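What Swiss-Prot records for CYS76-CYS87, CYS127-CYS135, CYS137-CYS157, CYS206-CYS220, CYS208-CYS215, CYS278-CYS309, CYS294-CYS304, CYS308-CYS348, CYS324-CYS339, CYS326-CYS336, CYS331-CYS332 is disulfide bond. Look at Swiss-Prot and you will find ASN295 tagged as N-linked glycosylation site, backed by sequence analysis. Among the features that Swiss-Prot reports, O-palmitoleoyl serine is placed at SER212, with the record citing similarity to another entry. The signal peptide annotation in Swiss-Prot covers 1-25, and the record cites sequence analysis as its basis.
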Amino acid sequence: MNAPLGGIWLWLPLLLTWLTPEVSSSWWYMRATGGSSRVMCDNVPGLVSRQRQLCHRHPDVMRAISLGVSEWTAECQHQFRQHRWNCNTLDRDHSLFGRVLLRSSRESAFVYAISSAGVVFAITRACSQGELKSCSCDPKKKGTAKDSKGTFDWGGCSDNIDYGIKFARAFVDAKERKGKDARALMNLHNNRAGRKAVKRFLKQECKCHGVSGSCTLRTCWLAMADFRKTGAYLWRKYNGAIQVVMNQDGTGFTVANKRFKKPTKNDLVYFENSPDYCIRDREAGSLGTAGRVCNLTSRGMDSCEVMCCGRGYDTSRVTRMTKCECKFHWCCAVRCQDCLEALDVHTCKAPKNADWATPT
């Protein structure tokens, strides 16, 4: 009897810290606060001392981060637009996403990664646009260099992504570094995966100089790709996310299923399976799919069968204004008529009990 009891006591601290509810990244709420930087720094709930310190010290960076929140939440919603959970946000909730991210799920892994990536992208872009006092274009990209096409001169303004990554790591990871629990380690891993994703799509752009564009001389610079590429990449990582458990000394992960490979620094990791998101459930933070538009002809996640969780759907006839009878006129315009188009819209039926689900 002693050995099993000893094993239980060994794992009990890890289990208790695993279940901690303090997992929301309160800096996400910076989108909703607005106002001056001082007001923002003092009124965003849940910032740790290091985050408030950086907030007061770098108000211009905070403005860039707060503007970036809308960008990465929009990207999250784009990637999940055909899924039961569609990355919906709650404007009056300081965690931005409500209770749904209290679960250490795939969705949590994606949100932490895309938000960390969004901070890198927003700061780096602000650096290149001359909006920040603490950084500018990448100072290392000077002089002459060589690539597969020959020599070129560094010119223009190379995106200073190393500064963006460094500041994002200091600000975003500050709260997680104060904790030693399993969820903090999960968040740190996914935060890093998000930062690395932005740098993955840094590309070299060049301009040719010479007679008739002969490219005798080239001037090149490094530029971030559109954030959609980062979002699509992290979406693929979400679909291939690896379920993990804590190792015995509580310092890292091991795969939950031994048939799968160990996660790399680029992979997303999670602990818990996701709910089905079919019905409104206050405890799970699920808004359900009642009223969601579904695709009658699709066989994917947006199909009426999958989106509506087998509850069926309602169909309504709606009209919308579209462009029609378009003709090309010389030179150089396309002129169209405005036409009314009737189409059927299918929306998921509500469950028989439309109230908030009561957990049993």
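Just so you know, glycine gets a Cβ as well, placed from its N, Cα and C.
Shown on the structure are the features that Swiss-Prot records.
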| residue | record | Cβ contacts under 8 Å, 6 or more apart |
| --- | --- | --- |
| CYS157 | disulfide bond | SER128, SER136, CYS137, ASP138, TRP221 |
| CYS206 | disulfide bond | PHE152, ARG218, THR219, CYS220, TRP221 |
| CYS208 | disulfide bond | SER214, CYS215, THR216, LEU217, ARG218 |
| CYS294 | disulfide bond | ASP302, SER303, CYS304, MET307, CYS308, TYR313, HIS346, THR347, CYS348 |
| CYS309 | disulfide bond | ARG84, ASP276, CYS278, ILE279, THR289, CYS348 |
| CYS336 | disulfide bond | LYS323, CYS324, GLU325, CYS326, LYS327 |
| CYS339 | disulfide bond | MET321, THR322, LYS323, CYS324, GLU325 |
Quiz item: Once the chains shown are all counted, how many other Cβ atoms turn up within 10 Å of the Cβ of CYS220 (disulfide bond)?
Solution: 19
Exercise. Using C-alpha positions only, work out which of the recorded positions CYS87, CYS127, SER212, CYS331 is nearest to the residue listed as 'N-linked glycosylation site'.
Key: CYS87
Quiz item: What does DSSP assign CYS208 (disulfide bond), in three states?
Solution: strand
Quiz item: Taking every protein chain shown into account, which of the recorded positions SER212, ASN295 has the largest tally of Cβ atoms within 10 Å of its Cβ?
Solution: ASN295
Self-check item: Least Cβ-crowded entry, counting other Cβ within 10 Å, from the disulfide-bonded residues listed as CYS127, CYS135, CYS278, CYS304, CYS324
Solution: CYS324
Quiz item: Given the disulfide-bonded residues CYS215, CYS326, CYS332, CYS348, which one is most crowded in terms of C-beta atoms within 10 angstroms?
Solution: CYS348
Exercise. Compare the Cα of CYS87 (disulfide bond) against each of the disulfide-bonded residues CYS127, CYS135, CYS331 and report the nearest.
Key: CYS127
